[in-house]
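Structure record follows, encoded as structure tokens.
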């Protein structure tokens with residue numbers, strides 16, 4: 001965790017959030033209450049002092065630690081000069097869409113100097129999620145773990161001696177508000193200076209003679225540790241390894257997985273992976289490493305991002321005879337295949353009491369094929385007669401089925417839907433397939449040229465999709481090579497989806513449906529669609545409201561790789577979205593929440 005100045009430390013003592021659990025008697029559900037004071041703080045790294053945005057003086061921020069069935073109450077006090085929302089990433093928010101915290105989708109940001117209370121229940125989920133700011137690029141430093149423990153205190157695996165959040169992130173020297181402005185203007189030349197592990201850059205980063213501090217995890221030999229690995233980064237998927245040790249993957253995104261042994265974890269932005277690590281190595285110091293991957297050229301390249309920490313065994317002294325073991329052998333940063341194979345080996349684990357929730361819908365009411373890539377819009381509003389192929393006459397945007405989401409900064413979509421006044425704000429005609437089929441993964445589409453120029457034209461619009469309550473929805477996400485060949489971590493708010501299958505190349509509905517896993521698929525809120533490949537998911541639309549769907553690469557969100565799903569009310573009050581709670585503050589005329 002980032003070191004604080006004396007003043008900041010004193011500030012934390014005065015206003016630090018306290019978890020207040022009430023009525024925890026005999027395993028009954030509790031109310032867990034915390035306060036988040038969001039403010040600016042100066043931090044020095046790599047010989048430069050940078051202004052960052054934090055919660056309660058901490059980077060990463062405080063952990064929200066609850067038990068399944070609890071009610072969570074978080075009071076957010078915004079001391080920033082900018083608007084702010086907090087999103088509870090992966091929390092189902094059953095009938096509490098108003099508390100989802102998606103800026104301009106479910107609420108307008110909390111105005112500077114303002115406050116808001118988020119109140120919601122956590123039911124049917126156990127494991128690791130996280131929380132983060134959901135406006136501009138603030139989630140780079142405003143984030144933290146969200147842990148849900150089993151109500152009966154028992155895990156379907158060996159109870160760990162200790163559990164530890166491992167929050168992988170990035171260190172940005174550029175002010176995050178300015179970073180957002182630059183990307184909105186089409187400038188994507190800025191990059192983070194380093195990866196971080198729990199806010200520490202690690203000893204591979206240095207300036208002059210100053211070596212950056214590393215995150216150190218103290219362990220005892222012969223015990224098991226539950227590492228809750230979370231990727232909060234804006235730009236990159238990460239490989240994570242510990243020298244001399246292996247992992248057993250036991251959960252992801254607040255759901256159990258069939259135990260899977262591996263020596264490396266792959267975690268994309270938005271994902272949370274639970275792994276057991278057994279400390280069965282000789283007592284010593286062992287490096288842990290987080291390495292970002294990226295597509296090879298001709299895709300645009302960013303500097304290699306790596307952070308290194310330490311596992312320190314009790315009784316192991318650091319001296320010339322007991323130096324840390326060598327770095328674990330990592331994949332090449334341009335090799336993205338380990339990510340694909342890691343995910344293909346994961347399957348879901350349903351406990352007896354979870355069988356109903358883990359039943360894959362047998363029939364499909366709505367089918368969507370969503371292509372993910374880049375495109376272009378003409379400058380000046382002319383959508384048909386400009387030169388394509390990275391021409392100065394166009395602006396490059398991110399697209400889903402050749403629609404680039406037009407983000408509003410003046411109102412919240414949920415309010416317009418609930419009030420029955422969508423006119424002039426959004427339409428409900430998001431396409432269920434791309435405008436025309438093509439070879440989605442043709443490598444010749446990456447450089448600008450005649451092949452991709454004909455596929456570039458894109459609509460900049462706020463086009464949503466509506467589903468009736470309890471409809472069974474199947475989506476095939478297809479990554480493309482239009483101007484780039486990135487993977488795409490797709491996050492759906494308000495839902496866990498069954499990951500039926502993933503594959504490379506173009507999805508073939510006749511051939512690839514045979515690969516679907518209906519028996520024990522993973523349940524995930526964030527699905528990594530492989531580079532040059534596809535992922536098929538299915539879910540039951542049983543949570544009414546307005547739910548944001550977007551790629552969790554920040555530059556893809558800003559460029560428009562997003563939409564929202566409207567799920568209609570069911571036939572009863574218990575299956576309908578209730579009115580906004582008393583603490584909910586509607587949008588004002590300035591695009592921020594009312595005072």
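Backbone N, Cα and C define each Cβ position, glycine as well.
Swiss-Prot annotates 132, 552 as Cu cation 2-binding residues; of 89, 111, 519, the candidate listed for that same site is 89. Swiss-Prot annotates 551, 556, 561 as Cu cation 4-binding residues; of 439, 470, 488, the candidate listed for that same site is 488. The residues near the Cu cation 2 site, meaning same-chain residues not in 89, 132, 552 whose C-beta sits within 8 angstroms of the mean position of the site's C-beta atoms, are 87, 130, 134, 139, 143, 232, 269, 270, 491, 526, in sequence order.
Taking H, G and I as helix, E and B as strand and the rest as coil, DSSP gives the domain 'Plastocyanin-like 1' (37-153) the counts 6 helix, 59 strand, 52 coil. Around residue 206 (N-linked glycosylation site), taking its Cβ as the centre, 13 other Cβ atoms fall within 10 Å, counting all chains. Summary for the binding-site residues 491, 493: the Cβ-based neighbour count within 10 Å is maximal at 493. Neighbours of residue 561 (Cu cation 4 binding site) among the recorded positions 121, 134, 550, 552, defined as a Cα within 10 Å of its Cα, are 550, 552. For residue 89 (Cu cation 2 binding site), the nearest neighbour among the listed recorded positions (42, 345, 402, 493), judged by C-alpha distance, is 493. Taking the domain 'Plastocyanin-like 2' (162-316) as a whole, pLDDT averages 95 in the prediction. DSSP classifies residue 470 (N-linked glycosylation site) as coil under the three-state reduction.
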